[in-house]
DNA sequence: ATGCCTGAATCTTTCAGA
C-alpha cells in the first residue's frame, strides 16, 4: 500500500499536475495541503474520475486539507485540530482508511519570527503534539503526514546558516518537532535514509530547484505498528520540474500489506 | 536587508507562502 502527501499550493491551479501525478504513481491514499479553495470549489468530480474518493476541508484563499483514497472508503474522524475553538484555519483532517488512522496536517509557516504568527505556529504545534499523544497511546496504526513546515536538522536545509532565524528552522521549532518524535513516532524518510540529503520543497525564486537549494519540510510520522510495515519511502522530485508545478514535491511511503 | 516567483482574492495591486 502506497501513501503519499503533497502540498499542491492551489488544488485548482494545480489540477493538471495533480491528475498527471496520480495517474503516474497510483497512490492508494493521498493527503493534500494548501488547497487554496473554498469548500464548494474542490474539484471533486475530476478526482472521482481519476478513481479517488475524497474528503476535504476548504477555506477561502489559504490553507485547506484533503484525504483521497483509491477505491476505498474514507471514514472521517475530524476536520479540525482539537484544542482551540477560536482557530479558524483549515489545517487538519483525520480519517480511517483501510484500518489506518490518517492525520493530514498543514502546520503554520510562522514567519516572521518572532511575532504573533510564530506564536500561533508554536501553539498549533503544542496542540498537535497533545493530539498525537492520544493517538499514539491508543496503540492503533497511525500515520501523521503533511507539511510540517519544519526542517528537523541541518541535513534538511541546503544552507543551514541562512535559515537559523527563520520560523521553519528556529531552535523552538526544531525542539517542538524533536519533542513530538520523542513520543515514539518514526520519521519514515530519515529512518530509511539517515545520512542522505533529501528535500521536499524548493522555492520558486532564484532557480532553487535547478540549484537544488531545497528544504525537507514534508514528513511521514509512523506509529510502531505502521513502522514495522514500512518497506520503502521517497520523494517524487521530478514532479517539481513539471510546468505549472507546486513548490513542493510529493512524498510517499510503501507499506507491507 | 530585499527581491527573486506563484496563486487567489482584495483583482491591475495586495497578501501569504517558506
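Quick reminder: no glycine exception, Cβ is built from N, Cα and C everywhere.
What TrEMBL says about a protein is an automatic prediction, not a curated fact.
Summary of the site annotation: TrEMBL records Mg(2+) binding at A:34, A:147, A:149, A:247, A:248. Screening the candidates A:7, A:111, A:179, A:207 against this entry identifies A:7 as the one listed for that site. Residues A:7, A:34, A:147, A:149, A:247, A:248 make up the record's Mg(2+) site, and a Cβ search at 8 Å around their centroid adds A:9, A:33, A:106, A:201, A:217, A:218, A:246 from the same chain. Each residue contributes its Cα atom, and for residue A:147 (Mg(2+) binding site) and residue A:218 (site 'Important for catalytic activity') these two points are 4 Å apart. Residue A:34 (Mg(2+) binding site) sits 12 Å from residue A:218 (site 'Important for catalytic activity'), taking the Cα positions as reference. The most densely surrounded of the recorded positions A:34, A:218, judged by C-beta neighbours within 10 angstroms, is A:218.
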